[in-house]
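For reference, Swiss-Prot has these:
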- 3-23: transmembrane segment (TRANSMEM)
- 25-45: transmembrane segment (TRANSMEM)
- 60-80: transmembrane segment (TRANSMEM)
- 96-116: transmembrane segment (TRANSMEM)
- 149-169: transmembrane segment (TRANSMEM)
- 178-198: transmembrane segment (TRANSMEM)
- 200-220: transmembrane segment (TRANSMEM)
- 237-257: transmembrane segment (TRANSMEM)
- 274-294: transmembrane segment (TRANSMEM)
- 323-343: transmembrane segment (TRANSMEM)
Amino acid sequence: MKPPILLIILLTMISGTMIVLTSSHWLTIWIGLEMNMLAIIPILMKKSNPRAIEASTKYLLTQATASMILMMGITINLMFSGQWATSKTLCPTTSAMVTTALAMKLGLAPFHFWVPEVTQGTHLSSGLILLTWQKIAPLSVLYQTSPTIDPNLLLPMAITSILIGGWGGLNQTQLRKILAYSSIAHMGWMTAVTLYNPTMMLLNLTIYIIMTTTTFMLFMYNSTTTTLSLSQTWNKAPLITPLILMLMLSLGGLPPLSGFIPKWMIIQELTKNEMIIIPTIMAITALLNLYFYMRLTYSTTLTMFPSTNNMKMKWKFDNMKKMILLSPLTVVSTMLLPITPLLSILD
């Protein structure tokens, strides 16, 4: 893709997200979401092959359906309230349709089927954008409409997403699919706490984006896409191996790493709201994610797969300029637990 075209596409995608973040008008929110959707499709098709085209088509059909449901809900709300403001979402039908549309855009269960397939069919850099930046706009709409969302609709979606995110990643060998199922589980945690403390959802989103970005950067550096290629990382770049180990355990939520913070705070927040069964189910289900990340860690660091790679080990990075962000991102992704007391301002 030529640099001027790529620049225009990226600016359109960023502009769409900014429009959604700064708007309280339903029509402009819908326009921003459409800009976001249309801009990423050429990025998903950057590598011209049948898998990328199939992934782009699946993404387009799913997101177009979600946009249609969202516009229908907005129109019904306009018919009843006569206003476009997001704060005037009073109709239960509108609330249900908006929640369903946002769940489709985020990949929440039972609308999650497109996330692993689309992520697997794209390049690692495109998958990074899909699993991080593309979550910001729908979650911001969810943040704005959280007072009017029906808990009986959103909470079952959130719990099911955590279950699917754990079960789906158990038998996977493709790293992009594993990260996609991990994304589904993280979206479930975020949407569960949105109803009770939307600000905590923003904290969870920030930590999730940082951890996922760092993981994708390391995978792109090694051109790692499968568990087999991940198991040979020690042979190509020994310095990368412990970083990947720490990041995967952090994504799984193992204390005392950074990924444990949002899970801990979300369970605490739900318990404060006199909910016992739901956070218990969420905590137990989170062990599924931790299990398949620990299995990856075991295959990467504690076993030696048969390898024909005779190249010399890389004890330093080839291009330091490309990896300049890796050190701060790795520190934030693994060592945020000591600052947890400062996060009491979210209560």
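Note that Cβ sites are derived from N, Cα and C of the backbone, with glycine treated the same way.
Two recorded stretches are said to be in contact when at least 3 C-beta pairs lie under 8 angstroms, sequence spacing 6 or more; the transmembrane segment (96-116) and the transmembrane segment (178-198) meet this definition. Most Cβ pairs within less than 8 Å of the transmembrane segment (237-257), among stretches 25-45, 149-169, 178-198, 274-294, 323-343, belong to 274-294.
Within the chain, the transmembrane segment (3-23) has long-range Cβ neighbours (under 8 A, six or more residues past its boundaries) at 29, 31-40, 42-43, 129, 133, 136-137, 140-141. Distant neighbours of the transmembrane segment (149-169): 92, 95-96, 99-100, 103, 108-110, 112, 116, 142, 177-178, 181-189, 191-192, 194-195, 278, 281-282, 285-289, 291-292; these residues of the same chain sit at least 6 beyond its ends, with a Cβ under 8 Å from one of its Cβ atoms.
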